[in-house]
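Participant: Have a look at the structure that comes next, please.
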Amino acid sequence: MPSMYGLPAFVSATELLLAVTVFCLGFWVVRATRTWVPKGLKTPPGPWGLPFIGHMLTVGKNPHLSLTRLSQQYGDVLQIRIGSTPVVVLSGLNTIKQALVRQGDDFKGRPDLYSFTLITNGKSMTFNPDSGPVWAARRRLAQNALKSFSIASDPTSASSCYLEEHVSKEANYLVSKLQKVMAEVGHFDPYKYLVVSVANVICAICFGQRYDHDDQELLSIVNLSNEFGEVTGSGYPADFIPVLRYLPNSSLDAFKDLNDKFYSFMKKLIKEHYRTFEKGHIRDITDSLIEHCQDRKLDENANVQLSDDKVITIVLDLFGAGFDTVTTAISWSLMYLVTNPRVQRKIQEELDTVIGRDRQPRLSDRPQLPYLEAFILETFRHSSFVPFTIPHSTTRDTSLNGFYIPKGCCVFVNQWQVNHDRELWGDPNEFRPERFLTPSGTLDKRLSEKVTLFGLGKRKCIGETIGRSEVFLFLAILLQQIEFKVSPGEKVDMTPTYGLTLKHARCEHFQVQMRSSGPQHLQA
């Protein structure tokens, strides 16, 4: 007979056992996924996720946008789940600085993601989860090698440093190449030629050699790097849902294949360097690392050996730090120049006033060219083409803004949100280089430091200084000599596509013309 509450009066033992089992399983799942939080702290807030996939649908194809919207609702420290993995998302400049700079030791780790283990056989200095003394010593070595063969001066050259020499050579070649293409075809895709010029600069620094633009070896490097960015752009759910690693996955297979090709290619180049190496005659970064490898010690303060494999992985990390970011930065710059001709004219007027046409721009001219610097900063900010840093992880239990974050927690840092924060910029969607200038026309250093693109703290991009200098000099030399525009009636698509870096649609309708006055062949 029915009970007074409309439920059956009698329940079978099987039904009762099933109900208890379901309740216990549910209780266990809740307990297992719930983190113990110390007294006085809170768990980071966030939306409810779906079983198994967590917030993967919420994050979607444009994580920088969806996570920015969530930060407006939940604050600068929020938590989502990708699969069953909790991920803390940091937004807001002050919060990110607090985590990565003031609490840098707490947040300097890398998560042990499956895809990271596939990059240079899991030995990459950039992606490896190691953040101890060995990692720190290798990072110092890489920084010193990069500085020696870029910022250091070449006594046999008229240029102020190796970087200036290599960039000047490539920028001038690029001007000639674009003129030739214009004469033959009448329009072009600048990325096609720019990417080879930038690759040549980092090849000269890493391997001591420059390639012709149609050299198959150089083109293979460029193609591999482009494919790497395209493949990684799709992301890897297998990083957060382990069972997917054992299922057919074309993207993951392509990622493995690309890493194997890149590693083999670099290994071949470095093997040739070992064959021709002469102690005391250091030609490039690879030679410098080989010398340290043979000395078997990174520095006098670290009893750490440098194996032959580590030489390959460090060179790969340096190549990556100096290639895709610079190419993407200059490519976006050209897009903003053709869509903002007034800005292009102002840059060229500044170049004419400060430098003239009788000599080429040099790195030492940077302080005297504030409008060009402001344009570059606004390109970095508005495009935010590195929307997130490489994921961080916590090295120990810690807290941030009153929220508890346990050891080993994966942390996303939303740089795009910082660069589009209305509280910082007022009109973040407007492209306006003048925002970085003071009333007297000088660069506003306080505001320029708020642009976030290369990360912060102990995992900051080691190629930042080189990259900024390279972007400046390429643009200064190009804009001194030529004017960029698009074919009449053609529109430029500035919509970014999400990936390792945000890429705009390729445009095949660029045109250039030599500027109307001044000599075409300038003194370096």
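Quick reminder: no glycine exception, Cβ is built from N, Cα and C everywhere.
Pulled these from Swiss-Prot:
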type: REGION; residues: 33-44; note: region 'Mitochondrial targeting signal'
type: CARBOHYD; residues: Ser71; note: O-linked glycosylation site
type: BINDING; residues: Phe228; note: substrate binding site
type: BINDING; residues: Cys461; note: heme binding site
Participant: Given Phe228 (substrate binding site) and the residue listed as 'heme binding site', what distance in Å do their CA atoms have, once rounded to a whole number?
Facilitator: 18
Participant: In sequence order, what residues of the same chain, 6+ apart, have a Cβ less than 8 Å from the Cβ of Ser71 (O-linked glycosylation site)?
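Facilitator: Those within reach of Ser71 (O-linked glycosylation site), by Cβ under 8 Å and sequence separation of 6 or more, are Leu78, Val89, Ser91, Gly92, Asn414, Gln417.
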Participant: When you measure from the Cβ of the residue listed as 'heme binding site', which residues in the chain that are at least 6 apart have a Cβ under 8 Å away?
Facilitator: Ala321, Thr325, Phe454, Gly455, Gly467
Participant: Can you tell me the three-state DSSP label for Ser71 (O-linked glycosylation site)?
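Facilitator: The three-state answer is helix.
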Participant: What count of other C-beta atoms do you get within 10 angstroms of the C-beta of the residue listed as 'substrate binding site', across all chains shown?
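Facilitator: That number is 21.
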